[in-house]
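Below is one structure, written out as structure tokens; comments come after it.
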Amino acid sequence: MPSHLQSDELVFFVNGKKVTEKNADPEVNLLSYLRKNLRLTGTKYACGGGGCGACTVMVSKYDLLSKKIRHYAATACLLPICSLYGAAVTTVEGIGSTRTRIHPVQERIAKGHGTQCGFCTPGMVMSLYTLLRNHPEPSPEQLTEALGGNLCRCTGYRSILESSKTFCAESNCCQMKGTGKCCLDEEENQTSSSHQKNDKICTQLYAKEEFQPLDPTQDLIFPPELLRMAEDPNKETLTFYGERITWISPVTLKELLELKVKYPKSPLVVGNTSVGPAMKFQGHFHPILLSPARISELSMVTNTNDGLTIGAGCSLDQVKQILTDEVSKLPEEKTRTYQALLKHLKSLAGQQIRNMASLGGHVMSRHGYSDLNPILAAGNATLNLVSKEGRRQIPLNEHFLAGLPNADLKPEEILESVHIPHSEKWEFVVAFRQAQCQQNALPDVNCGMRVLFKECTDTIAGLGLFYGGIRSTTVSAHRSCQQLLGRDWNTLILDEAFRLILDEISPPASAPGGMVEFKRTLIVSFFFKFYLEVLQGLKKIIKMTSIPNSHRYPDISEKFLSALEEFPVTISRGVQEFQRVDPNQPPHDPVGRPILHQSGIKHATGEATFCDDLPVVDKELFLALVTSTRAHAKIISIDASEALGLPGVVDVITAEDIPGTNGTDDDKLLAVDEVLCVGHITCAVVAESEVYAKRAAEKVKIIYQDQEPVIFTTKDAIRHNSYLCSEKKLEQGNVEEAFENADQIIEGEMHVGGQEHFYMETQRVLVVPKAEDKEMEIFVSTQDPSHVQKTVSSTLNIPINRITCHVKRVGGGFGGKVSKPAVYGAIAAVAANKTGRPIRLVLDRREDMLTKGGRHPLFAKYKVGFMNNGRIKAMDIECYINGGCTLDDSELVIEYLILKLENAYKINNLRFLGRACKTNLASNTAFRGFGFPQGGLLMESCITAVATKCGLPPEKIREKNMYKRVDKTIYKQAYSPDKLIRCWNECLDKSSYHTRKAKVEDFNSKNYWKKKGIAIVPMKFSVGFGVTSYHQAAALVHIYTDGSVLVTHGGSELGQGIHTKMLQIASRELKIPMSYMHFCETNTATVPNTIATAASIGADVNGKAVQNACQILLKRLEPIIKKNPEGTWEDWLGSKWKD
């Protein structure tokens, strides 16, 4: 901050406590401030872009216009602290804790088994808490909407929703669509009736009546001081000076307009959902930011005879509420534009973003993915602009959306409000949207469409078609509309309209998000749905109006009616069945019981400590990676001089600083002479803070010389004979002869895409060097602490016994934290070794995805020979996976893929060949399923293709080719299919598969454009590694003199509850309640030579080790117990200690 400028004081409240910041920096967001300044680490960093909800907090502000306090959920990663003047922030720590009293929301999510890794849980809790502050008895629809902006990668949505539904009032139940019965009761009754003679089955894991009731009187009140500040008539403009950016927050519109004259290029920031991400991810920089949030004129709403004028400062959620009110008051014919907007407002982003983003910001961004601009343009909305020179009005049309100069804003103008006119009786406004999911996803294509007819006719008098997702801005089919004017609204215009629209706005090859052919299909599909919806609307008007020749408007054929039905956001419901424990099982034995996750309550309160939640260590430095911007190139030079000259920078770490081994020949920790992919780590910057380190990393200059070839796809690799390891091949039977004897043969190719791990907690590590003997402590988020330990040992050329790895818990792994954490840990260790200071490395989401691969994409060629009855005689399959630029786990993945490719089918003649391709992409690595998902999809696609050719149901082909008797698999293991067959039959029976399939077929026969599907697929999946030594584990169990027990083992807690399972095992073996048990952390000094927690065997191997340790301890206690069989656990231990 310049010495001659003094910032105003920033005043806000956090969890009921006043925060006064004298030097508020506009570049600091609330998430960073909470975690680093206030040490409130329950709010998590996961994506940094407001898209995942892990950093959700509740913001409360006093609204001067309504004289009410507004509570809303917001993503702390996007909120500049300077925007919080006069606000009260509530974090997960502020609503309850284990040290005080847990809140009912925290209790129910934890006891309802709604936590797994727990990293997303505080955000879930705060979204639900905020909903309950506004709606103490929410409907299931409100619940689903409130959680729409929160992601859970452990797939725990069902338990989260089910436990959250306990807050819903029974009056808000769907009532079985008018039957007056509760859907959940109905399903439970059906389930209980099917098991009325089986008391070993239960459907509930918790007792609802034991939950504490919701008590709003216990919530924090809005601070009276903030009320006084909000109503102070003498409020003044606030200015906050940061190192690089100044934040100015005026109070009146006049002041704002004067500032826009002074700083015409400065953007207005309300929710920071557009400007913030652009500055953070796209390199935009604005030295002055203007915040109009305190200007009440920009939030005013005015009703006029011809429509509604909404202030540009209103949040999208407020717009939604305003439009909902209008729709409830006005005749339907006047609200068609409002209804179209509401349709998209329900799915636009997540609830948090809708709470933060302003109408003005959304409109003025003119983004190609905007969900509202196409509708506003189609509905003839106008923009009310204001500047110091006065006001003017411009249409929100194609010229404005395209950013053309004659319709653009003047630099000193701002958007004051948006006027949305009422629709007319003979006017229809419709919106459509297609995205990858119903909530919290950008649209692939969206549109706003309007048609106006000459009164009492179906002749087009006006037409507007606006599409998003096609190009970088919303596009208009203006020429097409002009050519269709005067035409009648009937089937004769369809083909011409399709041709005209596609000729005018067909997406280019560079269309945002790709999928050009799919987008072309959507463009046409949306117009067809528009045509049908308008036709249906016309019929309704005609029925209410005496119109001559009404026979001209025939009913829509039943064939097309299904195209008019929307896909609603469904409310999750269902019943799960659980096996009860044997009634004779001792009460203290927890095995098989629905035990609460050991850390469940702490997950929900934010007290569970993850790697980056650890307090800052004395003299700690932050490390930022410098990565390659080339896919394949020689490194000519690395110039770090500019970076080293920046404030706070301590050093730059290169391969020359590594005292030991720089990775492997195949996979270098730090690039030396060559980079093999974009994201290849070249060096790293060490600085006093994360901000300094990352700024400096951008200033490291690397000169490259591009190399050939550059290989990205498996087909490219095949052409260049580029492979990572030898081919893997399995063959049995006589494949060629079997093909000759087959009735039919099909051949084809298949592509299976890759997948990002997207664990909620990004890769992170803290390395703390010790003062003597080159000892190091490493706190790391990993599935394999021993691998990190060994890699650091070889990198620093010191013995393994000097390095201790600590893993408290991991915020999701899915295979992505098996091998890669060793790379990041070793680089950080090199920096710690060189500087002699602790080093923290926390990857942001972009760095995480850039430097690490994911699931291996697959390209396969297949040939299948089969008989007309569906019996498969022969298969010949070639599989090529994209391994990326280094071997990593690709050899194991292709081996597993080939070994498991046969799935549950006994096919006598097989030839499977697999290759791992070397490409210039970040190295792909272990991922949940480890090759089986790709191979399984390939095999089941072949089965389906056979079924289609034979004209038989796919399940019949599966049954015919399934293992039937004890036989050897393709990998020569004896296999009994008894459990496979039992499982298959039980699934068919319990799911009422054939009955449901008949209903699906009936539905499909009656619905031309909308289809349902149902399928059943068997799976034979062997767990474990292909290396026997990986199936060993160890545990250490301590019994203390007070009777308490400390259990440690070599497994990592990833969300699968391994620590809880280990305590259950110890409790059973020692015959004492779990309340005596504790697990601290996974630690390589306590349990050495651990194996990776992967391959679905972590609980099995570590559980056996814990069982063995407990049995040894109990055997030692046997003499004491025999001497005093009536004694207590504490008595026996006291005697043993004295002896």
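Along the chain as shown, residues are numbered 1 onward.
Heads up, the Cβ atoms here are built off N, Cα and C, so glycines get one too.
What TrEMBL says about this one:
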| type | residues | note |
| --- | --- | --- |
| BINDING | CYS47, CYS52, CYS55, CYS77 | [2Fe-2S] cluster 1 binding site |
| BINDING | CYS117, CYS120, CYS152, CYS154 | [2Fe-2S] cluster 2 binding site |
| BINDING | LEU268, VAL269, VAL270, GLY271, ASN272, THR273, SER274, VAL275, ASP371, LEU415, ARG433 | FAD binding site |
| BINDING | GLN783, PHE814, ARG928, ALA1095 | Mo-molybdopterin binding site |
| BINDING | PHE930 | substrate binding site |
| DOMAIN | 8-95 | domain '2Fe-2S ferredoxin-type' |
| DOMAIN | 240-425 | domain 'FAD-binding PCMH-type' |
Checklist entry - Which value in Å gives the longest Cα to Cα span across the FAD site residues LEU268, VAL269, VAL270, GLY271, ASN272, THR273, SER274, VAL275, ASP371, LEU415, ARG433 as recorded? => result 29
Checklist entry - Taking the centroid of the Cβ atoms of CYS117, CYS120, CYS152, CYS154 as the [2Fe-2S] cluster 2 site, which other residues of that chain lie with their Cβ within 8 Å of it, listed in sequence order? => result THR115, GLN116, GLY118, PHE119, THR121, LEU151, ARG153, THR155, GLY156, MET760, GLY811, GLY812, GLY1055
Checklist entry - For ARG433 (FAD binding site), which residues in the same chain are close in space, meaning a Cβ under 8 Å from its Cβ, but six or more apart along the sequence? => result LYS343, HIS344, SER347, ASP371, PRO443, VAL445, ASN446, CYS447
Checklist entry - Cα distance, SER274 (FAD binding site) to GLN783 (Mo-molybdopterin binding site), nearest Å? => result 36
Item to check | Check: same-chain CB within 8 A of [2Fe-2S] cluster 1 site center, minus CYS47, CYS52, CYS55, CYS77 | outcome: LEU31, LYS44, TYR45, ALA46, GLY48, GLY49, GLY50, GLY51, GLY53, ALA54, THR75, ALA76, GLY123
Checklist outcome for this item: Not counting GLN783, PHE814, ARG928, ALA1095, residues with a CB within 8 A of the CB centroid of the Mo-molybdopterin site are GLY813, GLY815, GLY816, VAL818, ALA926, PHE927, PHE930, LEU1054, THR1093, ALA1094
Checklist entry - List, in sequence order, the same-chain residues at least six positions removed whose CB sits under 8 Å from that of CYS52 ([2Fe-2S] cluster 1 binding site)? => result ALA46, CYS120, GLY123, ASN150, LEU151, MET760
Checklist entry - Going by C-alpha distance, which of the binding-site residues CYS47, CYS77, PHE930 is nearest to LEU268 (FAD binding site)? => result CYS77
Checklist outcome for this item: DSSP assigns the residues of the domain '2Fe-2S ferredoxin-type' (8-95) as 16 helix, 31 strand, 41 coil
Item to check | Which of ASN272, SER274, GLN783, the listed binding-site residues, has fewest other Cβ atoms within 10 Å | outcome: SER274
Checklist entry - Where does LEU268 (FAD binding site) sit in DSSP terms: helix, strand, or coil? => result strand
Next on the checklist: Taking only same-chain residues 6+ apart in sequence, whose CB is under 8 Å from that of ARG928 (Mo-molybdopterin binding site), what do you get?
Outcome noted: PHE814, GLY815
Checklist entry - Quick one: what's DSSP say for ARG433 (FAD binding site), helix, strand or coil? => result strand
Checklist entry - Out of these binding-site residues, CYS47, CYS120, which one has the fewest other C-beta atoms within 10 Å of its own C-beta? => result CYS47
Next on the checklist: In whole Å, how far does the CA atom of SER274 (FAD binding site) lie from that of CYS47 ([2Fe-2S] cluster 1 binding site)?
Outcome noted: 15
